[in-house]
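Undergrad: Marked as active site, N6-AMP-lysine intermediate by Swiss-Prot on the basis of sequence analysis: K131. Sequence annotations record features per position, and here Swiss-Prot assigns NAD(+) binding site to D51, S52, E53, Y54, D55, S100, L101, E129, R152, E189, K308, K332. Marked as Zn(2+) binding site by Swiss-Prot: C426, C429, C444, C450. According to Swiss-Prot, the feature domain 'BRCT' maps to 609-688, an assignment based on sequence analysis.
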Amino acid sequence: MQDIQLDKRLSELLSQAVTPHNAQPLMQALCQSLNEHNIRYYVDDAPSITDSEYDRLMQRLKQLEAEYPQFVAADSPTQRVGGMALAKFEQITHLKPMLSLDNAFDEADFSAFHKRVSDRVGEVSFCCEPKLDGLAVSILYRNGVLERAATRGDGTVGEDITENVKTIKSIPLKLRGDNYPELVEVRGEAFMPKAAFEALNERARLKDEKLFVNPRNAAAGSLRQLDSKITASRALSFYAYALGVVEPTSHELAKTHYEQLQQLKSWGLPVSSEIKVCDELSQVFAYYQDILTRRSYLPFEIDGVVMKVNDIAQQQTLGFVAKSPRWAIAYKFPAQEEMTLLEGVDFQVGRTGAVTPVARLKPVFVGGVTVSNATLHNADEIERLGVMVGDTVIIRRAGDVIPQIVAIVPERRPEDAKAIAFPQHCPVCGSLVERLEGEAVTRCSGGLFCEAQRKEAIKHFASRKALDIDGMGDKIVEQLIDKELVQSPADLFKLPASMMTMLDRMGMKSATNLAQAIEAAKTTTLPRFLYALGIREVGEATASNLATHFGSLEALRVATIEQLIQVEDIGEVVAQHVAHFFAQPHNLEVIDALIAAGVNWPTIAAPSADEQPLKGQTWVLTGTLNQLNRNDAKAQLQALGAKVAGSVSKNTDCLVAGEAAGSKLAKAQELGVKVIGEDELLALLANS
């Protein structure tokens, strides 16, 4: 009801002509509305207006504040963008010390903590929450308005980071409602979500700037910027985890820690959705294992879970020791970062030909396992890290992610450290390795010839969208190669049925059927053949465009990059990949062997204008089609000259909407794009 009254009052004020007399109440109503919508978005996860509506209200407030600066409120959402840069941070003495937590590293440690607690206060339940890997922050609200914010510092004295904290969108500048204390201190963790961290490092990488090692360092560095505009650009977030000082002390608060967190949430403060109350020791251990299992999938970094006695009266009975509360403990996960020695580098060749440097490490226990290898990704990463053989390095292992080197320890570099040099030839097949301009990855040029790429190349060659060899599944391909019956795609067409009976669970009847399917696959189309070759960046549509444009394999084999760029939807990068593929003798040998084995296709006649009525049009498919599969529909539209895109835009000519069409249909309707159903599509294809 209050929300309806707020919206109604704002609508009334917005409908009036603005004068010096009504500007202030209008600005106050806009602030109140925008702050409420911020909380609905960041805390309740239930936005009630669109982003464009929010932006419109924000723009109106900015215009009014520019015209009437004397009425700018301290809790205005416009104040989040950051103000003047500071010369230094002022010191703040905490009203109540911000203590650290004792740690538990295994079940025995936590069981001992549980015994100490229950011996003092009897039966207990715990409020369990993820231990965020960020920066502890104290935020003070007076009469509901954010007054100041500080870092934890040494627990007694921290730094004033008020202006920086105001830029964090999930932190309300004014508390929601009116049932909060006159003065309330909120404690929580400021952190950088994983997605924001990746985006920050990507921007730094593009500018050739130093990268942050992990989200915790990024969050700490962002909060301690003297220029709050920099903090505002860093997409920090915040979760409240406790109440600090409350005045007057007579203000009624919830009786359990969990309920107090819900109280904070009702005031508009974000609280983790992963919090849970556990009544039994077994439930605590199950919670720990659950969060540990899901750790790598959470949107933020954590390094353990925090267990707090849930009952506030029991907390008060237990009290504190010098540096930590007796009623809480951090149950830490196995370390994800450790230091070790880089003893050497090996080079591996992946299924796509990527040559990847793999660091050989002095074995070290990290992330719950012993690690002796870590990826170095590519030459750019080696250069960025400045890493050499013999260096002491920091390695990181997060969940199921392959361990990686994230930094070196320069002061420990020995005098005989050696630079890491990429090989000039593929360590598997001996072909030249090459790195195309603009690419980070170095690749083997062996293509279809390279043993490291062989299995995946032949699986792709036989797949449904390529030569479509019925019955030639992945396991069959793997057996053929493991038993050395096949070394290149052309060898498939030389296999007699009798030889295929050597495969596991392959009788003569099955072998005969497979041999017949291989024989049938000899007759194909040029687009399918080109797609089957596995040229980088050449999918079905590109293969079709190449075949249509050049008309023959012979013409395509000798095409220059300049000629390739003339093909529809082919840019310089794809043109380089195609030209590079046909320049490799190994690949030409495989193609010649395939043709000698009898692989053939009909001659392509250049389509007339009448045969391509959709030329120049962009179509999009969405939803489930019942009578056509998506690939067939796409291929038939392309044959009629249409470009089939993956998303709807103002340039889309038509959307084909099947069953359960979602956001693409809504966007098409919003943009006024023509929409047809599957029946209309079938009629169009039948008449073309």
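Including glycine, each Cβ sits where the backbone N, Cα and C put it.
How buried are the listed features, and what sits near them?
TA: All chains included, 21 other C-beta atoms sit within 10 angstroms of the C-beta of K131 (active site, N6-AMP-lysine intermediate).
Long-range C-beta contacts of K308 (NAD(+) binding site), restricted to its own chain and to partners at least six residues apart, with a cutoff below 8 Å, comprise F126, C127, C128, E129, H257, Q315, W327, A328.
Sequence-distant neighbours of C429 (Zn(2+) binding site) (same chain, six or more apart, CB under 8 Å from its CB) are C444, G446, F449, C450, E451, A452, listed in sequence order. C429 (Zn(2+) binding site) falls outside any helix or strand according to DSSP and counts as coil.
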Undergrad: Please report how many Å separate the Cα atom of R152 (NAD(+) binding site) from that of C426 (Zn(2+) binding site), as a whole number.
TA: 53
Undergrad: Based on Cβ atoms within 10 Å, give me the single least packed residue among the binding-site residues L101, C426, C444, C450.
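TA: Counting other Cβ atoms within 10 Å of each of the binding-site residues L101, C426, C444, C450, the minimum falls on L101.
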Undergrad: I need the CA-to-CA distance for E53 (NAD(+) binding site) versus K131 (active site, N6-AMP-lysine intermediate), whole Å please.
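TA: The Cα atom of E53 (NAD(+) binding site) is 36 Å away from the Cα atom of K131 (active site, N6-AMP-lysine intermediate).
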Undergrad: According to DSSP, collapsed to three classes, what secondary structure does K131 (active site, N6-AMP-lysine intermediate) have?
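TA: Looking at the DSSP assignment, K131 (active site, N6-AMP-lysine intermediate) belongs to a strand.
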Undergrad: For the recorded Zn(2+) site, whose residues are C426, C429, C444, C450, find every other residue on that chain with a C-beta no more than 8 angstroms from the centre of their C-beta atoms, and list them by sequence position.
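TA: For the Zn(2+) site the neighbour list reads V349, G353, P427, V428, G430, S431, V433, S445, G446, F449, E451, A452, Q453.
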Undergrad: Taking the Cα atoms as reference points, how far is K131 (active site, N6-AMP-lysine intermediate) from C426 (Zn(2+) binding site) in Å?
TA: 45
Undergrad: In whole Å, how far is C426 (Zn(2+) binding site) from D55 (NAD(+) binding site) when you measure between their Cα atoms?
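TA: Pair distance, Cα basis, whole Å: 54 Å.
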Undergrad: Taking every residue in the domain 'BRCT' (609-688), what is their average pLDDT?
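TA: Mean pLDDT for the domain 'BRCT' (609-688): 86.
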Undergrad: In whole Å, how far is L101 (NAD(+) binding site) from C426 (Zn(2+) binding site) when you measure between their Cα atoms?
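TA: Approximately 52 Å lies between the Cα of C426 (Zn(2+) binding site) and that of L101 (NAD(+) binding site).
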